[in-house]
């Protein structure tokens, strides 16, 4: 068991690298499978010093749910932004800055949240506060900045909290 | 069958064309730099996504083999688009916003871009 842990310090990364290699080769054969797995073993061992405190994913079903929610929101975001760009006169738009106080602490979780905010409806993450306790978000068009903040906290941060913490 | 497949592929190509156009048009139309960034980060995702879905469908229905290269492109796009947008936003805050023009940063007092200890390297920068 200990030997296995040393050989595969990061089993999920091993799996992901093998999979990505298959996609790069674009063809599943024993040859590419073996080489992908070889990369999947070597790369985590070599890069180990770069992730000293890596987070554990606690809740795998929640990861799937999160990905599905985000994909759905990306499609909605595209349509919403397209409508604003095409049909809303610029003077009628209310761009606004919103501060989102963060409950998430791990850098990885905050990174995922910031990326998600950028990809989803009418919001763009712009900056972190000096010690990482809040996130600065720009809204393309909003009547009520507080509602935007509450929705992001409820929809994404709550799920990320369950995944990472 | 072949006609239905072609119809489906064309549909995704048209969707991607529309969203690609809206993304570029947004860059021209929106008035302030921060708003302008919304158009390319979002509309383009579906723009590129549509082409990639059409490409997967084409390889399945026309070339009769499964090609999933395109999923990687989607993945890389989702990873890189927010990061580059974040860089541009930081630049904008650095050059055009002051702590007073942004909302209050809460318990930390100041946003990271404005948290500059000493201005030496900034002062040396050629104007």
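For all residues, glycine too, the Cβ spot is worked out from N, Cα and C.
Unlike curated entries, TrEMBL annotations are predicted automatically.
A Cβ distance under 8 Å defines the sequence-distant neighbours of the transmembrane segment (B:6-31), meaning residues of its chain 6+ beyond its ends; these are 38-40, 42-44, 46-51, 53-54, 57-58, 61. The transmembrane segment annotation in TrEMBL covers B:6-31 (among others).
Summarising the annotation, TrEMBL assigns transmembrane segment to B:43-62 (among others).
Beyond its flanks by at least six residues, the transmembrane segment (B:68-89) meets 34, 37, 41, 44-45, 48-49, 52-53, 55-56 of its own chain at Cβ-Cβ distances under 8 Å. Residues annotated as transmembrane segment in TrEMBL: B:68-89 (among others).
Among residues of the same chain six or more beyond the transmembrane segment (B:43-62), those with a C-beta under 8 A of the stretch's C-beta atoms are 2, 5, 8-10, 12-13, 15-23, 26, 68, 70-71, 73-74, 77-78, 81.
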